[in-house]
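Have a look at the structure below before the remarks.
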């Protein structure tokens, strides 16, 4: 459960991404593909090389979904319901992959926002991404 401090930390940190959210989403995907090559199996039709337009496009989708989630912290299940259905029923993504991408997002954000990535912000982002992952996997049962 996200506390009031977590919600404040998230809104402040996410606001500092500015117009870079899509870029950071793509970078996190690239990190995931390099660090966890088996994740590429969910993107057989993608050029997963560095700087690929497809990775950039999907990175923007990831960032947009997270931006939506940050805007609906009190109703993540409602805000992410369609995305949860998509990943559970159509794409059938192994739930562990959400944790892998979450880790890569944390690394990417820490790299780009070192002064803002305090232990409290790190903890809030980690809790948020875990909550998003839980919602995205909730319809697998």
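For all residues, glycine too, the Cβ spot is worked out from N, Cα and C.
Feature annotation from Swiss-Prot assigns O2 binding site to 58. The heme b binding site annotation in Swiss-Prot covers 87. For 1-141, the entry in Swiss-Prot reads domain 'Globin', with the evidence type sequence analysis. Annotation source Swiss-Prot lists phosphoserine at 3, 102, 124, 138 (among others). As annotated by Swiss-Prot, N6-succinyllysine applies to 11, 16, 40 (among others), with the evidence given as similarity to another entry. Per Swiss-Prot, the feature N6-acetyllysine maps to 16. Annotation source Swiss-Prot lists phosphotyrosine at 24, citing similarity to another entry. Marked as phosphothreonine by Swiss-Prot: 108, 134, 137.
The Cβ of residue 108 (phosphothreonine) has 21 other Cβ atoms within 10 Å, all protein chains considered. Rounded to a whole number, the distance between the Cα atoms of residue 11 (N6-succinyllysine) and residue 58 (O2 binding site) is 22 Å.
Residue 137 (phosphothreonine) has 87 nearby among the recorded positions 3, 24, 40, 87, 102, 108, counting only those with a Cα within 10 angstroms of its own Cα. Counting every protein chain shown, 14 other Cβ atoms lie within 10 Å of the Cβ of residue 134 (phosphothreonine). Closest to residue 3 (phosphoserine) in space, going by CA atoms and restricting to the modified residues 11, 16, 40, 102, 108, is 11. Cβ contacts within 10 Å of residue 11 (N6-succinyllysine), excluding its own Cβ and spanning all protein chains shown: 13. With respect to their backbone Cα atoms, residue 24 (phosphotyrosine) and residue 124 (phosphoserine) stand 18 Å from each other. Cα spacing between residue 108 (phosphothreonine) and residue 87 (heme b binding site): 23 Å, rounded to the nearest whole number. It is 16 Å from the Cα atom of residue 102 (phosphoserine) to that of residue 40 (N6-succinyllysine). Between the C-alpha atoms of residue 11 (N6-succinyllysine) and residue 124 (phosphoserine), the distance comes to 10 Å. For residue 124 (phosphoserine) paired with residue 40 (N6-succinyllysine), the C-alpha to C-alpha distance reads 28 Å.
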